Amino acid sequence: MANNNVYSVLKSLLLLLHLVFLSKQHVDSASIVKFLPGFEGPLPFELETGYIGVGEEEEVQLFYYFIKSERNPKEDPLLLWLTGGPGCSAISGLLYQNGPLAMKLDVYNGTLPSLVSTTYSWTKTSSMIFLDQPVGTGFSYSRTQLFNKPSDTGEAKRIHEFLQKWLGKHQEFSSNPFYVGGDSYSGLVVPATVQEISKGNCQCCNRPINLQGYVLGNPLTDCVYDCNYRVPFAHKMALISDELYESLKRTCRGEYVNVHPHDTECLKFVEEFNKLTNRVCERHILHSCCETETPSCYSYRFMLTTYWANDETVRKALQINKESIGEWTRCYRGIPYNHDIKSSVPYHMNNSIDGYRSLIYSGDHDIQVPFLGTQAWIRSLNYSIIDDWRPWMIKDQIAGYTTSYVNKMTFATVTGGGHTAEFTPKETFMMFQRWINGQPL
């Protein structure tokens with residue numbers, strides 16, 4: 001009887017160990033993807049997808065897409081790209097902004113939407129990791145209930161942990177120059193992540209990451225600048241009259257958000273401003289705010305991507321864990337999230353002091369994060385200019401304007417650009433290529 005009990009206990013322990021072993025099989029998993037449903041033929045680049053577990057028990061499973069540089073992956077820079085949001089999937093970067101694939105904008109007929117190659121992918125010159133973060137974004141998920149909700153500063157730590165583990169499993173890239181990039185809301189998280197990596201590099205027990213700098217497009221940085229400068233931007237772009245602009249300046253004194261409820265005169269003019277601009281497409285003021293879903297509508301690609309990413313053959317090809325999520329959504333707004341970084345300006349200051357390069361660029365037709373606000377917070381850093389405001393060119397054509405500073409920061413506008421890179425793919429690619437190669441714009 002005793003022997004039977006011992007046998008039963010041993011059997012239970014072996015079963016438990018087996019289950020633990022199986023549970024670890026999807027942790028830190030990686031798969032090479034050679035074909036993707038919707039794309040004709042083999043992929044013309046090397047794609048890897050997988051999960052990296054972070055947290056004390058690796059309960060958070062972060063999903064990534066990794067694409068090797070199409071030029072020289074052994075030596076080219078490695079760029080981690082963080083999509084804004086928070087809660088917007090890395091597919092936004094991969095299929096809309098600076099990746100090697102895009103949705104083919106055909107009328108949806110019930111079949112799987114098609115993918116096409118892009119001409120100006122940043123993977124032409126760098127290896128790229130597109131990361132679904134925070135947890136709950138894209139295909140990332142948690143195996144247990146989280147007691148600490150994600151936050152800006154918390155994400156910086158999780159991303160740092162992700163990178164340490166990812167590079168531990170891809171040691172052939174550990175010596176490559178490493179950069180962090182992103183756009184929109186990532187303007188808060190990326191500088192904090194850079195600082196977190198920099199601090200980690202100084203600690204004895206961490207494997208150093210070959211961090212060189214960061215790149216940000218139309219980055220949300222501080223609402224004091226980003227939000228308040230929407231008014232002068234609208235005036236410069238002829239969206240509001242001279243008279244209204246002067247009235248706003250006089251009554252609001254540069255403070256156009258969180259106006260005191262007793263300041264009725266300022267509120268009156270802010271309301272008039274909102275009425276004049278509420279039908280303007282925020283991400284690009286020259287684009288239409290579509291009311292119908294047609295291929296000519298900017299947001300049509302979002303619908304196509306939703307059909308594509310929720311197709312079972314696509315999920316199988318990407319090796320998506322069935323535990324991950326139900327329906328994939330491009331931007332999941334239901335993530336409990338603590339917005340604990342109100343301004344990333346101090347992080348920029350610290351990163352500059354630590355000697356990291358930075359490229360800050362602005363599409364000049366974005367009213368969400370207008371270039372005027374970005375210029376204002378850069379001025380607040382009070383760095384000396386080494387290359388004053390000048391045009392940067394592509395084949396004798398003005399592609400934008402740029403200024404360089406002694407702290408290794410470069411600011412550039414992109415003429416005709418919007419909130420993200422896809423509005424001007426050639427210009428943003430050429431700008432990035434020159435900067436990442438250490439060339440002047």
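Cβ atoms are placed via backbone N, Cα and C, with glycine included.
DSSP assigns SER184 (active site) to coil, not to a helix or a strand. For SER184 (active site), applying a Cβ distance below 8 Å and a minimum sequence separation of six or more within one chain yields THR83, GLY84, GLY85, GLY217, ASN218, PRO219, LEU220, GLN368, VAL369, HIS419, THR420. The active site annotation in Swiss-Prot covers SER184 (among others).
According to DSSP, ASP366 (active site) sits in a coil region rather than a helix or strand. Non-local neighbourhood of ASP366 (active site): ASN218, GLU282, ARG283, HIS284, ILE285, GLY417, GLY418, HIS419, each in the same chain, at least six residues away, with C-beta under 8 Å from its C-beta. If you look up Swiss-Prot, you'll see ASP366 (among others) marked as active site.
Under the heading active site, Swiss-Prot lists HIS419 (among others), citing similarity to another entry as support.
The disulfide bond feature in Swiss-Prot is assigned to CYS88-CYS331 (among others); the stated evidence is similarity to another entry. Packing around CYS88 (disulfide bond) is summarised by its Cβ count: 24 other Cβ atoms lie within 10 angstroms of its Cβ, all protein chains included.
Cβ neighbours of CYS252 (disulfide bond) (same chain, under 8 Å, six or more residues apart in sequence): VAL259, ASP263, CYS266, PHE269, VAL270. Annotated disulfide bond per Swiss-Prot: CYS252-CYS266 (among others), in sequence order.
Summarising the annotation, Swiss-Prot assigns disulfide bond to CYS290-CYS297 (among others) and lists similarity to another entry as the type of evidence. In the three-state DSSP scheme, CYS297 (disulfide bond) falls into the coil class.
The feature N-linked glycosylation site is assigned by Swiss-Prot to ASN109 (among others). Non-local contacts of ASN109 (N-linked glycosylation site) by the CB criterion (under 8 A, 6+ apart in sequence, same chain) are absent.
As annotated by Swiss-Prot, N-linked glycosylation site applies to ASN350 (among others). Taking a C-beta cut-off of under 8 angstroms and a sequence separation of 6 or more, ASN350 (N-linked glycosylation site) has the following same-chain neighbours: GLN195. In the three-state DSSP scheme, ASN350 (N-linked glycosylation site) falls into the helix class.
The N-linked glycosylation site annotation in Swiss-Prot covers ASN382 (among others) and rests on sequence analysis. The Cβ of ASN382 (N-linked glycosylation site) lies under 8 Å from the Cβ of no residue that is in the same chain and 6 or more residues away along the sequence. When secondary structure is read from DSSP and collapsed to three states, ASN382 (N-linked glycosylation site) falls in the coil class.
Taken from Swiss-Prot, the feature signal peptide covers 1-29, and the record attributes it to sequence analysis.
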Below 8 Å Cβ to Cβ and six or more residues apart, same chain only. Which residues does that give for CYS297 (disulfide bond)?
SER288, CYS290
Taking only same-chain residues 6+ apart in sequence, whose CB is under 8 Å from that of CYS331 (disulfide bond), what do you get?
GLY85, GLY87, CYS88, SER89, SER92
A 10 Å Cβ contact count, applied to the disulfide-bonded residues CYS266, CYS290: which residue has the minimum?
CYS290
Where does HIS419 (active site) sit in the DSSP three-state scheme?
coil
